[in-house]
């Protein structure tokens, strides 16, 4: 295409070049129309990357050393520099060696994580999990958790296993990796390269047989535990006259943090989990935080410096809060599955080791007495439950002294000498004083065992009894939760809390207020409800998020009373709950109501308010 054809073609003059920087230090260039929507650009980027699940990612531009995420409903030119919107004929011609031709200089856009999750199994797409892992890799390089130095060595071992595979002595020796690519600069400066290259290979060797997918999951789980990795930073001002922001707002997965900017570090001043934030108000440049349950005089007032930044922060905070609330039942379910898997692994190794120790002397004794090996094979091993209600037996692993033929009632017997034991007991005890074990018994013991198992089925999740396939080393798609756009833009998702946006006209001012109510207890009704106490516990306000899940049934009962009101929210779907108390997974993508524009474009003089309180649901509800 010659210059004459290009300058005479109006359609080509409206095209520009954008350069998309990816989390893995690579980039892609795209020629697009200058009036394209941000959503259309994101779709093109995902198509190039073959990424199917992009709901945790976003497009951002750097403004004043901050990542400003684009609203997907806006046009791209609202975020681009003024020079980028000029006609191509007026743009200075750059050298072709830089990849810039008659389309003008490229606009720099970053494809990065916008919403953090604490468990990699929530990311269903394999490629999305890969870029999420690389984003955390870059965040770890800037981490400053001095008291968690050992975590960086463990993360480096997971990353080496994911990048290089199993440790091989012939290949992985000497400087087979760059410490600067896996450790923060202060760790390399403190320990030195020689120290890292000496000790990391042993930690890399310990991750043998760990697949890349499993290494990604372990890296994600460990990296988000660092305080300054899964976080977004935004500058704040104490008053309007400040030239440089002396405060920093940190948006984490679980809430909001306020830091004091010192010379080379940030000092934490306030840490507000989402359960302790009552209301967020943006009035022009003013940013107000009202802690839940405190009078209005205790509110924190800061300034953003620009009304546009106020609106951007409001949307980012509200979407992060909504996603956090919607994912809590799913995370509780994943935690329970992981805990059950850990218990099964521990229980199986415990039984297997003791069986090997106890069967050897029995076998020697049988050989010494001249008994046949077949009689040993048919010895019954009965496993006693750890959740017996009245027994006081001690722990131990014993075999029956009398040989007996296998029958249909012998669920734990087999033809092999080392029989597989069915792990189907609960770890919770209802009055028993004994520990787990394997002991001898006859027909009466069989009846007691079956009775114990029936009682345990009322406590345990039946899905925990199903054996996991040993041959699958990759992460199963059933273990992943599909995060959809409805989790970010929905009124109700499986009954979980969503945003309700209202326009309230003010009689004393020409401005209007956008109120977003979610959950909790309104500070306006605090005097009337200050004496309201939960019936089951008197100290639930001090419980953590992990402890609150113990009261899930009470919450389902309370939240069900106000399900039909416009400002009430419940956890779980309308289908019948199984014995685990969770909702059906099919409702994650089906039972939701979309909001076309959760935060419509408004003038800078608008009064924005994000209210996280509620009048009918108690404060302890998560």
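The chain as shown is numbered from 1 upward.
Note: Cβ is positioned from N, Cα and C throughout, glycine not excepted.
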Residue from 435, 508, 523 to which Swiss-Prot assigns phosphothreonine: 523
Swiss-Prot annotation, phosphoserine - which of 395, 511, 525: 525
Listed as phosphoserine by Swiss-Prot, one of 349, 413, 544, 568: 544
Among 382, 450, 522, residue with annotation phosphoserine (source: Swiss-Prot): 522
Per-region confidence, the domain 'FERM' (16-328) (mean pLDDT, whole number): 90
